[in-house]
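J.: These came from TrEMBL, pasted as-is:
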DOMAIN    A:68-288  domain 'ABC transmembrane type-1'
TRANSMEM  A:12-31  transmembrane segment
TRANSMEM  A:72-93  transmembrane segment
TRANSMEM  A:105-126  transmembrane segment
TRANSMEM  A:154-179  transmembrane segment
TRANSMEM  A:200-223  transmembrane segment
TRANSMEM  A:267-291  transmembrane segment
Amino acid sequence: MSMKWKRLGENVWFLSPSIVLTAALGVYPLIWMLRYMFYDYAGYGEPLFIGLDNFQRLMRDGQFWESVGQTFVYAGGKLVLTLPVSLLLAVFLNGKLRGAGLLRGIYFVPTIISTAVISVVFYTIFNAYNGMVNTVLMKLHLIGQPIDWLGPKYAMLTVILVAVWGAVGNYMLLFLAGLQGIPQDLYESASIDGASASRRLWSITLPMLAPVAQLVIMLAIIASLKGYESIMLITEGGPIGKTEVMYLYLYKLLFPVSTGSPVEQQLGYGSAVGFATAVIVGAITGLYFLLSRKMNKMY
Amino acid sequence: MQKKWVGLSLALVLALVIAGCSGNSGTNGTSNTGTGNGGDTNNAATNTGNNNATPDTPAGEPVQLKYWTDDRHDQEYIKELVDEFNATNEDNIQVELTVMSENYTQSVDIAFSSNQAPDVLRLKSGNTPDFFKKGYLAPIDAYMTDALNEKFGNLLLDGVNRFGGKVYSLPNTGLTLRLVYNKDLFAKAGIESPPASLQEMVDDAKAITEMGKSKGIYGFALNYKSPKSAFDRSVREILSLSGHQGLGFDLKTGQFDFAPYGQIIEYFKQMYEDGSFLPGAESLDIDPLRAQFAAGKIGMYLSFSTEPGVYTDQFPTDINWGGALAPSLDGEIKGTSEIVSAGTWLGISAQSANPEAAFKFMQYMYGDEILTTYHEKGFGIAIVPSIVEQAGDPDIAGMEGFLVGEHDSLWPVSPTVTPEGPGYADAYFKYMIEGGDVGAIAEDLNTRYNAALASAIEKGEVSVTPMPDFDPANPQGE
């Protein structure tokens, strides 16, 4: 057997686990979705081919487009708060601080706690009738009446805060990994030259971190656009759709969550919505890469 | 040797990919065969085919059955029954009980699509037609004895527990719907009796809130985290007592008409604007609501006859509470209070490898003693005539207000359709919070629901026969 065939055999053998997993969990569902988005299919009976009807329905589906708008608010709010806070924490904990290891662990804990547990805890903290937030604010005489943190006015803010709390530790760790890759001798040279701490941050840390930051921000954008689990558990998208993000809307089409009488699964239309959401997330991610390409060449 | 490894690797890849694909295809195939347009007979045939699967239990090993339910109010009693069955049955059958807390239908869907379905399922009138259409259920006609036919025969209804001429479940209990109210808070607010009309309900909620707001006590609440769940346990009952079908369907014309629904919502909106709702009701789930009611913070809400069981086992409470007939639109009772979730209890999975053992367990559960005790413990209101005759009143606090009376009855089944856009509950909840044109909302709902109904009829998924002489005061026409 020639060396070439031997090498090919080894390659196939080593790649086989990922080929199998990608085919079964990635390619097959994708083909399934691409097929059924042209069908009227509720999960039983004969799927009915309806051409582009699902996409025509999508264009006139006000609920979907509202959910797209809510997604931008949710993702924007989460990113605006999460990224600066996690970067600042990373810079802070990258110094020679006593107990930095313990603090890193504490900040990272929310990342590994079950979303279900986080959601129940935050519901208990924020609910209007006996939640801890209102109790404390009222005892401090900062408010006279309970605030409905999960009501139409503040529900989005609340679910964003929950998401930020769950995400900061994760991105802090990624930024920290990037910071630790910056050579220390750069800082030492800058110090000898008399550069202040803020100057070192602006002129060394941030430019050197840019390639890592580009990737971290991309991951954060995708995660924010796709996030819905804690929202589903805390508000189920309500009240009156004020926290219904597009992936939650999609989830409800595929797995109706109402506890009342059943609402039928809509696998065909759900597939079309799934395709549209993937296009939206893909387009935003692509646009981000286009706009941020200079970050990869900052040093 | 290397060639052999390459061959083995490729074979493994192909086998796994094919297995991954065929699992779903198989499931789809079953459903497709079973539920083509009006394919009830095919479905039954498919199910029966699955039933013939050879049990894979080795001789001497117990037959293992899985029993899934989403009932939590009776879980302690059901667990006792399962333990007793496991200890005493002579057929070497062991049943494993799983009580789901949320997303039961979704869990069942996933279990069936991954061939890990339970053998015995809790069926409700809401999920049975859907489970049947998906091919999840096995018919039980072959196991029905003369005694069982005599006991349940008159109660078997098309579209409830019988589909395509085959029986898939047997009845046990139904649920009545009532106003649940805190008697002490009513008394403190100077209210002598529960409201008979919606205007009285609005006034009472306001009076209770004014009396107790400083202590965190409010007049009214519903579990609006799921508006559909909230309205289907409240508006539904008020409508049926007022002479209208409770889910927006007009039985006389065979079309949806949401105009009466909007009239009820106006009063709910008034309570919301008055500030009579428990703060945070917009995102309240049913269990947190019950916890607050048990703590004496809510004057009244509307719910099923499961509540006495809940306040005995799940949220024991010392408050003085009771159940009363729901108010009607104008105080006049022009219809009857609909008994819901009646007609089904347990069913057998089409994927069960041991359907006979599953039916033996089912037969045990449907025994006279168990059904009688189930009623007497207050877990549900018995509707099987032979059980009604012998059962005493439930020995559970608060159940007296939920017992079937002169104003309760079963109603004909209304069609379930999925329209484009928001459902009636979401549309009316939005109106309740933000306002709008209630007439236009009803018109929009009528258009979309009737379009969905026409489409479902065309596809053979539902059939509707208008009942021009329907009498809401006598829905069974007897």
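Heads up, the Cβ atoms here are built off N, Cα and C, so glycines get one too.
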J.: With a Cβ cut-off under 8 Å, give me the same-chain residues at least six positions beyond the ends of the transmembrane segment (A:154-179) that come close to it.
T.: 70, 73-74, 77-78, 81-83, 85-87, 89-91, 93-94, 104, 107-111, 113, 115, 118-119, 122, 126, 147-148, 205, 209, 211-213, 216, 219-220, 223-224, 227, 230-231, 234-235, 238-239, 242-243
J.: Looking at A:12-31, A:72-93, A:105-126, A:200-223, which one has the highest count of Cβ pairs under 8 angstroms to the transmembrane segment (A:267-291)?
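T.: It is A:200-223 that shares the most Cβ pairs under 8 Å with the transmembrane segment (A:267-291).
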J.: May I ask whether the transmembrane segment (A:72-93) has at least three C-beta pairs under 8 Å with the transmembrane segment (A:200-223), counting pairs 6 or more apart in sequence?
T.: yes
